[in-house]
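Per TrEMBL, these features apply:
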- 435-448: compositional bias 'Low complexity' (COMPBIAS)
- 449-461: compositional bias 'Polar residues' (COMPBIAS)
- 493-502: compositional bias 'Acidic residues' (COMPBIAS)
- 508-519: compositional bias 'Basic residues' (COMPBIAS)
- 429-519: region 'Disordered' (REGION)
- 163-196: repeat 'TPR' (REPEAT)
- 197-230: repeat 'TPR' (REPEAT)
- 1-20: signal peptide (SIGNAL)
Amino acid sequence: MSRFFCALLHTYIDAFLLSAAPDLPILERRNWLIHLHYIRKDYETCKAIIKEQLHETQGMCEYAVYVQALIMRLEGKIQQSLELFQSCAILNPKSSDNLKQVARSLFLLGKHKAAIEVYNEAARLNQKDWEISHNLGVCYIYTKDFKSAEEQLNLALQLNKHDLTYMMLGKIHLLQGDTEKAIDVYKSAVEFSPENTELLTTLGLLYMQLGKYQKAFEHLGNSLTYDPNNFKAILAAGSMMQTHGDYDVAMNKYRVAAYSVPESPPLWNNIGMCFFGKKKYVAAISCLKRANYLSPFDWKILYNLGLVHLTMQQYASAFLLLQIYPSDLRLLLFTLTNLDDADNGRRSHEQAVLLDESNPLVNLNFAVFLYNQGDKKAALLQLQEMERKVNAQVENNSNTDFDPELVEMAQKLGTALQAGENLYWSKLGKDSKTSQRSSSSKPSSSQQPLGTNQALGQAMSSAAGYSKSMQITAEPEADVSSAPSPPTVTPGEPEDEDEETAEPAKLKEKKSKPKAAAE
């Protein structure tokens, strides 16, 4: 009897438990298993389960379609994922997550205006989602509507602060050319996330662009403290040391970077210019050719390689490299002069005068070239045009600190052309030490060539120095991409960059120290 009652009791208990356990709807019966395989990145098994689930539910399982769309996107099938996410939005039109994924797929397809419309619809369903505001800001950046982008990113920061939102907001200010505002944004970002190496590196690069090397070195140092192998920070810190002539210290930094990114064109470009600064020209050419092999169309590398050939008086090789991307016509003119190509040299000088209407050094180089060709009348006209530009700069109190060797060259040319004592250079020479050297040179009956090799090289070096100062003041940054890609990469992106600049070295017979800026 006792056995009978025990069996009956167990039967009642089992029936109660079965009635208490809820039965999952058939639409969601395998959702937990789909999720489990998806987070394990077992996509093949996950797709098989999804196929069975959709077959049983006749395609009405929202979660299975949603995960299938995510897998499609990961596999690069953006259009198919868009169609599946649209199906999810039809199955559940009140879900903001479905609309966010539809907009994301449209963004990846480059349909930014359509993505903005869908994000706005999702924002009406959920007004407190920072991700919607952030993505809206990014879409507005691609449509060049920077004002709306800034509003949306600021709204995203009010809802929830994120490093990525700060970076995109800083990028907007950089695209608008407002470096100061970008620095303020990145400073706020660093206060929020002080251990983010990308933010620290970007802020250091921006300070470098403004010439605030102490603050730049401080932030780059903090970035390297948290990540000693940060390639961008190492490259930026090394370029600062290289700019100040600490080539050995910079080489040590680059040696560390070479272990992490051995195939970087900017890295080998900077290493090559370090050797150039140490007057090891063969090693410089070897490194620059490796950089050129890795990035054949980077004009900065070709420019630096041509600069090294020019210093070694290999004018034909220098001409072939400098003419590919004539970023500085004055070096190309100097090369043509040494190749004794008078016709192309004259045409190049005329083009340089047309391209740079404010730089008096271009006219001085042209005047020296014409004097050496025997055209004194045209040389005098160029000298007078140079004087006009110099007087205009003196009146505006801008760029009046000229190289003494340049002043001496202008004085010699003025004396040879009998330009008179009313020139600015003559007045300047009376109050400087350079006038003592220039006064001892008297014009002889036979014309002596001016500007050949040493003299013209000195004038060209001063012209290059003028170009350097103009580039620094006029240039905004940087890929952070980049980087900011600033240089820039920079950053860059920033970008970007982003950040890759090349400074011409001084071409003198006296072999003064050349300066080469890093990328």
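Residue positions begin at 1 at the first shown residue.
Heads up, the Cβ atoms here are built off N, Cα and C, so glycines get one too.
Please treat TrEMBL annotations as automatic predictions, because they have not gone through curation.
With DSSP classes pooled into helix, strand and coil, the tally for the repeat 'TPR' (197-230) is 27 helix, 0 strand, 7 coil.
DSSP assignment over the repeat 'TPR' (163-196) gives 27 helix, 0 strand, 7 coil.
For the repeat 'TPR' (163-196), the model gives a mean pLDDT of 91.
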